[in-house]
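Here's the structure, in structure tokens; my notes come after.
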Amino acid sequence: MATYKPVVVQAFPKLGEKITQDTLYWRGYKTPVQIKEFGAVNKIHFSPVPPYNYAVTASSRIHIYGRYSQEPIKTFSRFKDAAYCATYRDDGNLLVAGSEEGSIRLFDISGRAPLRQFDGPTKAVHVVGFLSDKYRIFSGGDDYSSSLWDIPNGTEIISYSEHTDYVRCGCASKVNADVFITGSYDHTVKLFDARTKSSVMTIEHGHPVESVLLFQSGGLLVSAGGRYVKVWDILKGGQLLVSLKNHHKTVTCLCLNSSGQRLLSGSLDRHVKIYSTTSYKVVHSFNYATSILSLALSPEDETIVVGMTNGVLNVKHRKPEERKEESQKKRQPAYRTHVKGRTYMPKQEDFCVSKPVKRVLRKYDKMLKSFQSSKALDAVLEPPIRLHTPEVTVAVMQELHRRGTLRSALAGRDEKQINLLLTFVARRVIEPRFTPVLVTVADMITDIYQPVVGQSAIVDRQFLKLQEAIGKEIDYQEELLEVLGMMDTLFATFTKKSTTYPEENKSNGLTETIETNTNN
């Protein structure tokens, strides 16, 4: 008996991910470090000065982490209830945070007790930050108000009560020390100037605003709320430049990279999207385990930190390039030794000794080898093969059809097995690479199980789905043929034929050639 030859699975071309410079750049991070916090992480902020520590606000504590530390190097825990939005000042010496109690606290990084406590808001303060002059603080909270506070005197400078819902995000301009922006659940973003008694610009986002961000130039504003990330031109009176809808759940946080050329957005859909700020197209994305509440990127993009709803802090560090080069240099001699002689071409007088290779058959090949057609089909209908490598399932079906045993392999099945077969066929029959084989399989299943139609609601439903899938594909092909016919007609009207023939002019005895154009 001849040696059994395994089933040949046809290889189909796959549309792989396009490798770009952004893909290589954003993939250059190590395996993430997971740090468990006491509650949902509502804010992460990097210090703007070396060594670039970052503050994490979760539950009633603020933890300060070093860039590579997995334990907090400092903790501020003087809060009776939840703390919010711990933010560094530009010089990295002071830290300000809001709280559920309605107070704002100012901390010195080298100490533990608050330097200042600003009381006035009647409800939780979710937004705090420093103006660029370093001596004033802006805030916003659940009492719908936005306020300015003086650090040296510890007093309130001015309060704005223009929002009609919770104020949950804000940012300050780096260019103008009097300008700050707040976003609210009333769907609006308001721009305030400390020199005026009311807001100078109102932008309608259209959804409850979760995060706002100003570009370094101060001319462009980004707002996030609902599924949308929108970019506005402030210098043109708040004109909408682009609206991005790449997330399928609420966008909760925004961040710019160190160069300002990439915009990052985190969402409850567990994804971080990275956009180019020139084309506003997604150039890369990260996937996380649970919903994302906060996001921060260190200077020079060395570390990316993501805070999630389950209290987990996900920290990724960039791989050092120098170590890569050193490791490659060390491995080069071992690699050369490993491949030594692989490219040697035997001469005529050489005697080649080949080592026999033991071929391991897969489960379906073993069944086919022993002529167990039904079990071979069952083996390729298991979830790992049926879902991830459907070409193997179709290849075995084609082999059974070539042997003439496909009908017997399909026959004699119970309700659950028929349902599985019909589900696979209905899902894959519209794929051009599988259509020729699966159409034959569908015909055989229909012929075999036609007498039992009406006895099982589950099987009847799958037959209807198969009929619907094939009907839609036929309609689609008919529409394509109609479009093709229209295109052929259009191309035919553009065709010009040029006919040249001689005509004799007998008046002067010379022959003139006249070119005539004929349009079809």
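Glycine is treated like the rest: Cβ placed from N, Cα and C.
Listed features, source TrEMBL:
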- 118-159: repeat 'WD' (REPEAT)
- 244-285: repeat 'WD' (REPEAT)
- 317-337: region 'Disordered' (REGION)
- 319-329: compositional bias 'Basic and acidic residues' (COMPBIAS)
- 344-490: domain 'U3 small nucleolar RNA-associated protein 15 C-terminal' (DOMAIN)
- 500-520: region 'Disordered' (REGION)
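Sequence-distant contacts of the repeat 'WD' (118-159), counting only residues of its own chain at least 6 positions beyond either end whose CB sits under 8 Å from a CB of the stretch, comprise 82, 84-85, 87, 89-91, 94, 96-106, 165-178, 180, 182, 184, 190, 192, 194, 197. DSSP states for the domain 'U3 small nucleolar RNA-associated protein 15 C-terminal' (344-490), grouped as helix (H, G, I), strand (E, B) and coil, give 106 helix, 0 strand, 41 coil. Helix, strand and coil counts under DSSP for the repeat 'WD' (244-285) come to 0 helix, 23 strand, 19 coil.
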